[in-house]
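K.L.:
For reference, the structure I am asking about is given below.
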Amino acid sequence: MSKRTPKMTDSLDPGSVFGQSIRRLSPKDLARNPVMMVVGTGTLITFLLGLSNLAQGKPAGLDFAICAILLFTVLFANGAESVAEARGKAQAGALRATRKDLKARKLDGEQYKEVAATDLRRGDRVLVKPNELIPADGEIVTGAATINESAVTGESAPVLREARTDNSGVSAGTKVLSDEIVVEVTVDPGNSLLDRMIALVEGAKRQKTPSELALSVLLAAMTLVFLIVVVTLVPFGGFVGATPSFSVLVALLVCLIPTTIGGLLPAIGIAGMDRAMRANVIAKSGKAVEVAGSIDTLLLDKTGTITLGDRKATAFEAVQGVAPGTLRDAALLTSLADPTPEGKSVVALARDKGSDAEASEGTEFIEFSANTRMSGVDLPDGRILRKGATDAIRKFVTENGGNYPQETDRLVDRVAKNGATPLVVSEGNRVLGVIALSDVIKSGIKERFAKLREMGVKTVMITGDNPVTAAAIAAEAGVDDFVAEATPEQKLDIIRKEQDEGRMVAMMGDGTNDAPALAQADLGLAMNSGTQAAREAGNMVDLDSDPGKLLEVVEIGKQLLITRGSLTTFSLANDVAKYFAILPALFVTSLPALDALNVLDLANPVSAVLAATIFNALIIPALIPFALKGIQFKPASATQLLRRNLLIFGLGGLLLPFAAIKALDLMLTVVI
Ligand SMILES: Nc1ncnc2c1ncn2[C@@H]1O[C@H](COP(=O)(O)OP(=O)(O)OP(=O)(O)O)[C@@H](O)[C@H]1O
Ligand SMILES: [K+]
Ligand SMILES: [Mg+2]
C-alpha cells in the first residue's frame, strides 16, 4: 500500500508549539478541561500566597516553587495538545499543498471561462483536459478518463474514473492522463474533506467524542471529590494541632487529581485522527475513529470491494434450441444503452463475435437499477429483451407466463462456480442463454480478513449477485459469511438487525446504492473513488479506495481506545504514591505516628512535597510520545488486551512514582 513519507517531526516548530501552550493558558481554554482548570487556579493562588507572605516579611520560597511547578504542569498539558495538533496540521497541509493555485475551466452551457479553483462552488461544472489537474473535489458527469491520483494517495499507477459508475469520484489536485471529462464540483471552497478534517484537528472546533466526554466527567468528579477531601483536611489538621501551609494543600490537591490523563486526553484523541490521516483515511469526526476500535461486524459488498469490480463479459452460453447468434445479438441490444462497465463489455464481446445488430428507431431502453437488477430494451417490433440477475429474470419470465428451463440453472451454475457473475438473457417470456461476467478478487484480501478475525471482527459479504457466485467468491476471499441476492433495503435491514443485537457494524462501499447502508452503519467507510452520495453518507473516506483499509482503521481505533485506557490506568495508579509522599509530610510534625506512612523515607516535608509535584508535572511530557504514537498494539481480543494493559500500566503506574519521587527527593536535598 502506498504511503506518503511522513515528515511530521521535521515540520514540528517548537516555537509555535510553545506559543500555543502559552495561549492555551487563557481561562476560556482552561475551562474546557476541569482538571487543568484546577491546576491553573492553584497556580494563581500559590502565586498570590507567595506575594502576601513576601509583603508580610514571611518566607515565600515554597509558595513560589509550588506555583512554578504547577504552571509547568499546565504548560506541559497544553504542550501535549499543541504537539498533537501541529502534527495533524502538517499532515493535512501536505495533502492540501497539492490543491493550491489550481485553475479551472468553468462551463456555462457550451462555453467555458477560466476561473481560479477557489471561485468554484458546489454544483459548478468544469471541463478538464488531458494532462491537467482536476481543480476541485467532484464527480465525473460526462466521459471517462485515466487519472493519476498520486497527489492524494501517493500511488502513481493510473486509475480509471467514469461518469455514471460507482467510480465517478475525483479529487482536487489529481491529474487527468487521458481523455476530456466534465466534472461536477461537489464541495464549496473550504468545505472539502481535508478542510473539515483540519477543522477537527484544530482545538477550538474540536468536539469531544461521547466516550471522551464520559471520561472527562469522571475525571471532573474525581477532582471534586479530592477537592472536598483536601478542604476537610484543614479543620482536621487544626484539630490535631497541625497547620499545613495553604500552598502545600494546593500541591497535595494537584497531586491527587488525575492531572496526567486530564492533560493527555485531548492529545490522544487528536493523535488518533492524525494516524487515520496518515493511513490516507479522512475521518469526519473523532467519534468515527473511536467507533472503529469497537467494531464487531464488517459488511462488504462484493463487486468493486472484494473483487476488482471491472467485470467483463467473457462468454455467451445459449440454451438448447437457441442459435448462438440470436443470444449474441439479443445480449448486444440489451446493452446498447447500458452505461455500466458490465453493459459496455457485453457490447464489446458481441461486436467481437461479429454482431452487427443496431437499435432501430423507437427502441425504448430500460436502465439497470439495483432494485430490478435487470436492464434491456423494448423494441418497436414488440420484442422485449432483458438481461439481469438469475432470480430477477426467472421472476420476469414466469410472471409473463413463460417457463424457466432447468438447463438455465446448469449454465448459471457453471459460470457461477468460477466466481463469475451470470446474467440471464431473455426475449419475451423465453430464456435465450447466459452471459458470463468475469471478475478478479483483489490480492491479499484473504490475509486481511484473517487478521480481522483474530481481532474478533466478523466479515460478511453482501451482494446482489446469485448465491453460487457469492459462495465461490466468499470461499476464495475467506469471509466468515455471505448474503446473496440482496437489495439495497436488505443491506440496510441486515445492518439494523446486527445493531439491534448489540453489535457495532462497519460498512465499506462505493456505490449510490450503498449510501443508505453507509449512513446507517456505525462506521461507514466510503471509497474516495465512489459516488458523491456514498462519500457523503460515510463518516470516513478512504483516499486509496482500498477495502483492505478497514483493517488499518480498526487497528487505529483499537489503538486509540487502548492508549486512552492504559494511560488512564497509569494516571490513577500514579496518584497513590504521591499520597504516600505528601500526607506524612503534611502532618509529621504534629502526628509523629504518621511517619510510619513515610515509606519512602523522604528527607523532609518540603522536599517531599516538591518531589511529588515535580514528578506530577514531568510525567506528562514523559508520556506524550505514548499518547501520540499510541501504545504498541497486537491483534488480540479485547479481554486479553485489557488484562495485559492492567498489569503493565496499573502495576507500572503504582511502582514507578515511588522510585521517581525518591530519586527527585534525593536530588532536591542536594540542591536545597
Ligand atoms: N448492467 C446490468 N444489467 C443487468 N443486470 C445487471 C447489470 N449489472 C449488474 N446486474 C445484475 O444485478 C446484480 C446486482 O448488481 P448490483 O451492482 O446492484 O450489485 P450489488 O448489490 O452492488 O452487489 P455487488 O456489488 O456485491 O455485486 C448483479 O449481480 C447482476 O446479476
Ligand atoms: K495528579
Ligand atoms: Mg456494488
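Our numbering is plain: 1 for the first residue shown, then up by one each step along the chain.
Placed from the backbone N, Cα and C atoms, the Cβ positions cover glycine too.
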K.L.:
Say TrEMBL lists ASP338, GLU342, PHE368, SER369, ALA370, ASN371, THR372, ARG373, MET374, SER375 as binding ATP: which of LYS387, LYS395 is in the same site, per that record?
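P.N.:
Matched candidate out of LYS387, LYS395, per TrEMBL for ATP with ASP338, GLU342, PHE368, SER369, ALA370, ASN371, THR372, ARG373, MET374, SER375: LYS387.
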K.L.:
Mind running the recorded positions ASP301, PHE368, MET374, ASP510 against ligand 3 and keeping the ones whose CB falls under 6 Å of it?
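P.N.:
From ASP301, PHE368, MET374, ASP510, counting a Cβ under 6 Å from ligand 3 as near, the near ones are ASP301.
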K.L.:
Given a Cβ distance threshold of under 8 angstroms, which distant residues of the chain, six or more beyond its ends, lie next to the transmembrane segment (246-268)?
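P.N.:
Sequence-remote neighbours of the transmembrane segment (246-268) are 33-36, 38-39, 42, 45-46, 49-50, 62-63, 66-67, 69-70, 73, 76-77, 80-81, 83-84, 203, 206, 212, 215-216, 219, 222-223, 226-227, 229-230, 233-234, 560, 563-564, 567-568, 570-572, 574-575, 578-579, 581-583, 585-586, 605, 609, 612-613, 616, 619-620, 623-624, 627-628.
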K.L.:
How big is the Cα-to-Cα gap, in Å, between ASP510 (Mg(2+) binding site) and ASP301 (active site, 4-aspartylphosphate intermediate)?
P.N.:
9
K.L.:
Can you tell me which parts of the same chain pack against the transmembrane segment (34-55), counting only residues 6+ beyond its ends and a CB-CB cutoff under 8 A?
P.N.:
25, 27, 63-64, 66-67, 70-71, 73-74, 77-78, 216, 219-220, 223, 227, 245-247, 250-251, 253-254, 257-259, 262-263
K.L.:
Is the transmembrane segment (213-234) packed against any residues at least 6 beyond its ends, judged by a Cβ distance under 8 Å, and which are they?
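P.N.:
For the transmembrane segment (213-234), the sequence-distant neighbours (Cβ-Cβ under 8 Å, at least 6 residues beyond its ends) are 33-35, 38, 244, 249, 252-253, 256-258, 261-262, 265, 564, 568, 586.
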K.L.:
Across the record's ATP-binding residues ASP338, GLU342, PHE368, SER369, ALA370, ASN371, THR372, ARG373, MET374, SER375, LYS387, the largest CA-CA distance in angstrom?
P.N.:
17
K.L.:
Return the residues near ASP338 (ATP binding site) by Cβ distance under 8 Å, restricted to its own chain and a separation of at least 6 in sequence.
P.N.:
LYS344, VAL346, VAL347, PHE365, GLU367, PHE368, SER375
K.L.:
Express the distance between the Cα positions of ALA370 (ATP binding site) and ASP514 (Mg(2+) binding site) as a whole number of Å.
P.N.:
10
